[in-house]
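This report concerns only the one structure given below.
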Amino acid sequence: MGKEVDVSTLEAGGARDYIDPPPAPLVDVDELGKWSLYRALIAEFVATLLFLYVTVATVIGYKHQTDAAVNGADAACGGVGVLGIAWAFGGMIFILVYCTAGVSGGHINPAVTLGLFLARKVSLVRALLYMAAQCLGAICGVALVKGFQSSLYDRYGGGANELAAGYSTGTGLAAEIIGTFVLVYTVFSATDPKRNARDSHVPVLAPLPIGFAVFMVHLATIPITGTGINPARSLGVAVVYNNNKAWSDQWIFWVGPFIGAAIAALYHQVILRASARGYGSFRSNA
């Protein structure tokens, strides 16, 4: 049930029934002395570690179960399928965003962090440290999978993001841009203070559309790139798997998501929220 709005106030002075949080300072060195920052970094590290562990293990398990050389002619009918893999990625994002949103904001993705930084939701210091924690967590999560399933991990490609045969580099890049745009646009919409003010259930349900966006994007782009839309996910697998193809395609999974995130931030803040003046300048508040 939506929150009641004071219509008379709106009609009289055109006042808004919600308050936009003040823009984060571009550089906030004072954050380095606050425990809340380090608590958030730990949350991002652990969440990304768990995300990569569960999802990459799901991919490896699916490939093993559908390997005809191991499981016979009926192997193609086994495993969770592409639908199950997409659910693993989307479901884990839903769970982890729900668990960490109150601590770190539940980014779990450098592209999401970049989009929120461009929208002045986080400072440059916090954004860079978040990205470092996410990448380190991803590497550790994939390393756990390899540690538990060493032979299977190497045999089945390590869950690496690579451009599929038959697709051009431009197609792969476009798929990553569009997929990340969908994700980051959903993040902005689900956490919009205007929506939160008018619908009391939105903050609780915000992780659901974000996870569902990840699920839908995976269905569309798994055949093209294996679905990156998360540079930490792609980097973590590339580091542990250490395959030439994974490294040569790595730039696609950084450039594409960062472009998609930037476009989503500009679209939401400059066009959709222009009347709210939600897009602050890049001048420091100091």
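The chain as shown is numbered from 1 upward.
Cβ from N, Cα, C; glycine included.
The transmembrane segment annotation in Swiss-Prot covers 40-60, 77-97, 128-148, 170-190, 204-224, 252-272.
Counting Cβ pairs closer than 8 Å and at least 6 residues apart in sequence, the transmembrane segment (40-60) and the transmembrane segment (204-224) reach fewer than three and form no contact. By the Cβ criterion (under 8 Å, sequence separation of 6 or more), the transmembrane segment (77-97) is not in contact with the transmembrane segment (170-190), since fewer than 3 such pairs are found.
Outside the transmembrane segment (252-272) by six or more residues, the chain places 109-112, 114-116, 118-119, 161, 163, 169, 172-181, 183-185, 187-189, 225, 228-231, 234-235, 278-279 with a CB less than 8 A from a CB of the stretch. Away from its own ends, the transmembrane segment (204-224) comes close to residues 82-83, 85-87, 89-95, 97-98, 101, 106, 163-164, 167, 171-172, 175-176, 179, 182-183, 186-187, 189-191 of its chain (Cβ-Cβ under 8 Å, at least six residues beyond either end).
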